[in-house]
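**Q** Quick one: structure below, then a few questions.
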Amino acid sequence: MASVAAWLPFARAAAIGWVPIATHPLPPPPMPKDRRKTDDEKLLINVSGRRFETWRNTLEKYPDTLLGSNEREFFYDEDCKEYFFDRDPDIFRHILNYYRTGKLHYPKHECLTSYDEELAFFGIMPDVIGDCCYEDYRDRKRENAERLMDDKLSENGDQNLQQLTNMRQKMWRAFENPHTSTSALVFYYVTGFFIAVSVMANVVETVPCGHRPGRAGTLPCGERYKIVFFCLDTACVMIFTAEYLLRLFAAPDRCKFVRSVMSIIDVVAIMPYYIGLGITDNDDVSGAFVTLRVFRVFRIFKFSRHSQGLRILGYTLKSCASELGFLVFSLAMAIIIFATVMFYAEKNVNGTNFTSIPAAFWYTIVTMTTLGYGDMVPETIAGKIVGGVCSLSGVLVIALPVPVIVSNFSRIYHQNQRADKRKAQRKARLARIRIAKASSGAAFVSKKKAAEARWAAQESGIELDDNYRDEDIFELQHHHLLRCLEKTTDREFVELEIPFNGQPKRPGSPSPMASPAHSTNSAAGLLQSCCGRCCSQRYQACGKYMPAASNAQNSQNNQPMDGTYLVEASF
């Protein structure tokens, strides 16, 4: 039978014309070269209820990890004959594939922190992540680190806000976060207003305001209304000087503050005014002062403290320093090459503007930036060809780093948006917690307050109606639960109140005022006479909630008692 079983596949192959019919059974199959060793065995790994099977030699490829070393024996379950790990089974699937294929992949849908924790638990370094996933992993890692840093700084800022005891610390926080207090917000808007006034005055003073008396040419407004513009400039400089001195006083590290970019801008913006006060009317010195007044335009950079978009743009340019350096280097190299070629292509033309290679720089820059002023135009065919190639090269060179800059700007912008959103959510959450605490506290004490008010009204002889009781939130919940109980049990429950005189009263009837002398037995008798056996059973179950426990206690304390009981109505 075994020979027939061995012959049948061979005969089937011969029937379709593959090989001729053989008279002998098939030989034994050859031993595969990659057949596993006899000491290899199949291992069963249970990860949070999900079982994985693999070979021992597969795990021992990486002996420096947890699964590849003898440390895995600490997780071996003798009863189930398996290794048990209380970890994430979805991430473990990628870890096991790393042992099988030698390539570690990063799943984009998984949490980065959980993924790193699983790798650290199994002793796998994140550096072995494959090239196909490493860029995504690195970007997610950077974004997560920035997000955690923002949260940490925000938490530290909130904690430091409670610990601010020094005036310098309070002033510095007011300068950096003007929305923390009203005074800081007012100073923030005042400085912004004077920055705008200073910039506008610097522009308007150059506008012509008439002709010079006895001279040719126009007279600018800065000279015609010199006193007005001087007063405006003085007021603005005084505000800027006070702001700079206050920031310098409140800075945690004054040396670091002085070396910062914004500090240098503040100094450059106010120094021309003070230098101008000490300059005489000498023409040479006045000419130098006019040149120095150009630095007043740097006051516009002070708006970066008042504009989040400008700060994001600055952070973007700072993060794209390498890409911008590549752009400048590429443009400089292309300008030199095309200017040299253009000079030799146009130097033999009479009256040409390309008199030298530096003179051709202007044409190359204008052409590569696609401006094309037309003041310098090539006349030879070779020069026109070079100009066309120069224009196309400029488009390509400038367009290459633009996507990187845009992506960085978008990343930083969304990061700031997420930070602002988290701050708003944190404030809203704290506000909800405060409201919940206040509401819950008011709800808990409302019962006590209502009871005290009821006692005071009864002692003064005022009859209470149901509207007064309905104002209590617990009474409303009580009646709501009664209605739900009636719907579910198809029974009607009546609330009977035992007033001071011992007479049962339904909720709709007025509450009579009488002496507090009554007993628990009389109340029980009234309930039994009113509702019979059901009331008796209900009274025995609910008697422990009555205000007084016995006649002896009532007579001893001589305190008024009342109570409300639920009975099943039998009509």
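Counting starts with 1 at the first residue shown.
From the backbone N, Cα and C atoms, a Cβ is placed for every residue, glycine too.
According to Swiss-Prot, the N-linked glycosylation site annotation covers N46, N350, N353, N408, on the basis of sequence analysis. Summarising the annotation, Swiss-Prot assigns transmembrane segment to 186-204, 229-250, 261-282, 290-308, 324-345, 385-406. Taken from Swiss-Prot, the feature motif 'Selectivity filter' applies to 370-375. Taken from Swiss-Prot, the feature region 'Mediates dendritic targeting' applies to 474-489. The region 'Disordered' annotation in Swiss-Prot covers 500-520.
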**Q** In terms of Cβ proximity under 8 Å, which residues at least six beyond the ends of the motif 'Selectivity filter' (370-375) contact it?
**A** 353, 391, 394-395
**Q** With an 8 Å cut-off on Cβ-Cβ distance and a minimum sequence separation of at least 6, pull the same-chain contacts of N353 (N-linked glycosylation site), or say none.
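**A** Within the chain, N353 (N-linked glycosylation site) has Cβ neighbours under 8 Å at A359, Y363, D375, M376.
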**Q** Within 10 Å of the Cβ of N46 (N-linked glycosylation site), how many other Cβ atoms can be counted across all chains shown?
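**A** 17, counting other Cβ atoms within 10 Å of N46 (N-linked glycosylation site).
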**Q** How many Å lie between the Cα of N408 (N-linked glycosylation site) and the Cα of N350 (N-linked glycosylation site)?
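**A** About 50 Å separate the Cα atoms of these two residues.
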**Q** Cβ atoms within 10 Å, counted per site: which of N350, N408 has the most, among these glycosylation sites?
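**A** Answer by Cβ density within 10 Å: N408.
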**Q** I need the CA-to-CA distance for N350 (N-linked glycosylation site) versus N46 (N-linked glycosylation site), whole Å please.
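**A** Checking the Cα atoms of N350 (N-linked glycosylation site) and N46 (N-linked glycosylation site) gives a distance of 88 Å.
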**Q** Going by DSSP assignments with H, G and I as helix and E and B as strand, what are the residue counts for the motif 'Selectivity filter' (370-375)?
**A** 0 helix, 0 strand, 6 coil
